[in-house]
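Beneath this line is the structure, given in structure tokens, with notes to follow.
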Amino acid sequence: MLALVAAALIALYVRSRLQSTSVIPGRGDGLSFFLPLQAGFDNEDWYVSDFTIRSTFFRVGWVPENVHYDGETLALELTRIPVDNQPNSGAEVQKRGFYGYGRYEVVMQAAPGSGVVSAFFTHTDETFGDPHDEIDIEFLGNDTRRMHANVFTNGISNGSIYIDLPFDAAESVHLYAFDWRPDSVRWYIDNELVHTVTSAEQAIPSTPGRVIMDIWTGSKAQYSWHGEPTFQDGTKAYYYCVSFQALGDTSPQCSDHTESAPGGIVSPTSPTVE
């Protein structure tokens, strides 16, 4: 049965790459994409980070060795192996291109352990000649019964909030999403709206950014946020599906093909393939 589900998802993934109705108006608003990890992980579409930021904010360098793909799942690992000037090694993957308004979804299981941050977000900054615009879904390993949602507009953090979960995000797989529009950002958990910020309340990001998944730990300045780094060496976050549906598009996305299994766990369903 699982093989049939995987085959159907792969067929839909291939079709979605051919039939996306979105267009790129210029630098930025990338094409819609739908990637169930059963369909493979293509380095031509994704950049596996291999660098260290010389910053007192992070206490980690990103290395390809900590990105694991088993044909079904993408696992991002955090280890206590030093790299360059940092005492830990993390992992990060970035979707090539830049993506703007639309709905972003991920099916994932967060990493446990105090000091760990596992995340799904959009981001751009001065590195790309842009203002720092960012929209976050983050899980802090010291309290994985909450999700952290945040927005940065031109480098200023807006709308940061912790959302209590009726489950432990490090013990089960769930669907998380945010819908980014010119006048608002809305966050969803298992298709239920949990938080909204609007342009009437604060500035909304407007600059297209990278789609990123990563795992990391920070400096002492972050301990009050993510906890002291007592995490177990080799803790992992698991990613099962990621999608972006550009505003006005109707292409497939992760939520079209998941259902809640017993215990609240999200699992793929067989889509109808015409």
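Glycine residues also receive a Cβ, built from the backbone N, Cα and C atoms like all the rest.
On a predicted model such as this, the values are computed, not experimentally measured, just so you know.
As recorded in TrEMBL, the features of this protein are as follows:
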type	residues	note
DOMAIN	17-234	domain 'GH16'
ACT_SITE	GLU134	active site, nucleophile
ACT_SITE	GLU138	active site, proton donor
REGION	252-274	region 'Disordered'
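Its own atom aside, the Cβ of GLU134 (active site, nucleophile) has 21 Cβ atoms within 10 angstroms in the protein chains shown. For the residue listed as 'active site, proton donor', the same-chain residues that are 6 or more apart in sequence and have a Cβ closer than 8 Å to its Cβ are VAL117, SER118, ALA119, PHE121, MET147, HIS148, ALA149, ASN150. Along the domain 'GH16' (17-234), the predicted structure has mean pLDDT 89.
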